[in-house]
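Data first, discussion second: the structure below is written as structure tokens.
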């Protein structure tokens, strides 16, 4: 099946081209065409009417949404998350676990494996992000303290054998000799600093041995200080370290987001949601890792007042960052998939270029998702009649309504 997008405004890393055509051949991007180029024949032609066409987003830190948690460990929960992610422009995500017993973690990984083995109809789950259970009690945050444990590479190997683990977040102070970071790198798992009160010196040594990620940067980690540099200082100083940002208006103040984009730049920042099951749901009572959570005005907290993940939808985070920084989309788009993929050595996603997977997000000019394509197939909106296959010679191209006029976005 060949699909041709016409009148697309292509946004890709370092690329911003209006009136562009993009040819898909099956599950891959085959070619791009400039205005005036002769266009090839295709089985279906989609007129994007000037909408943005971006690489599908890659959320490497998300626990759930739409009432589901990845650690529910059921096929229905995994599929529910994967299908809802499409409505956020997300085409890939790392199923993200919590601090729980091994049997519950294994059940979640098995559910992801089953979903991916059964002709998935939502976003793709290429691998897993283990957030915990290797956290120190002092920095556990909203992780369940009942299941905290010391680093155990044998446990990681067992889970990794069940379904690939791409990233593991842990407290650095539990690995003072840096043996765990060595073991993770040898296994092919990206070590990530998280929920940690470690010193800058330990962070620096861990980075030397292969740690290149920092989980929900600035949240639950030693702050920058002019005499004690801390983990935040380390993340700012080390230019080869990638940092996750939750840009929901709760986890980072506007000025910090602006500062981070000034210092780290778009090449080392990865937007995430860290969303829990209440994302896309009304305020009310929920749970996270066995702990009760109250969501009020979109903010999720434990009974103690501790922030407990987010209710952020991925595209809303991008909207906020765009409004705060004023940076061009051709730069900001790097933070949505390309950085995530290259930092984890996952190939074929994050760019609109020949040979890349046809995982694409169509957005209006306010960055609201209009369509989401995975592997060259329209997966969202589900069953939208005006986007059924059509042959240009007989019916003419399927056409989106023109994108809405850009409005001012509240970045607070």
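Note that the numbers count up from 1, one per residue, in the order the chain is shown.
In case you wondered, yes, glycine gets a Cβ from its N, Cα and C as well.
Caution: TrEMBL annotation is automatic and unverified by curators.
Checking the candidates 131, 186, 201, 255 against TrEMBL: the one annotated together with 195, 216 at the Zn(2+) site is 131. In sequence order, 61, 63, 96, 97, 98, 99, 143, 169, 194, 215 are the residues of the chain that are 6 or more apart from residue 131 (Zn(2+) binding site) and have a CB within less than 8 Å of its CB. The Cβ of residue 274 (active site, proton donor/acceptor) lies under 8 Å from the Cβ of 61, 62, 63, 96, 216, 244, 246, 251, 309, 310, 312, each on the same chain and at least six residues away in sequence. Highest Cβ count within 10 Å among the binding-site residues 195, 216: 195. In the three-state DSSP classification, residue 195 (Zn(2+) binding site) falls within coil. In this model, the domain 'Amidohydrolase-related' (52-377) carries an average pLDDT of 98.
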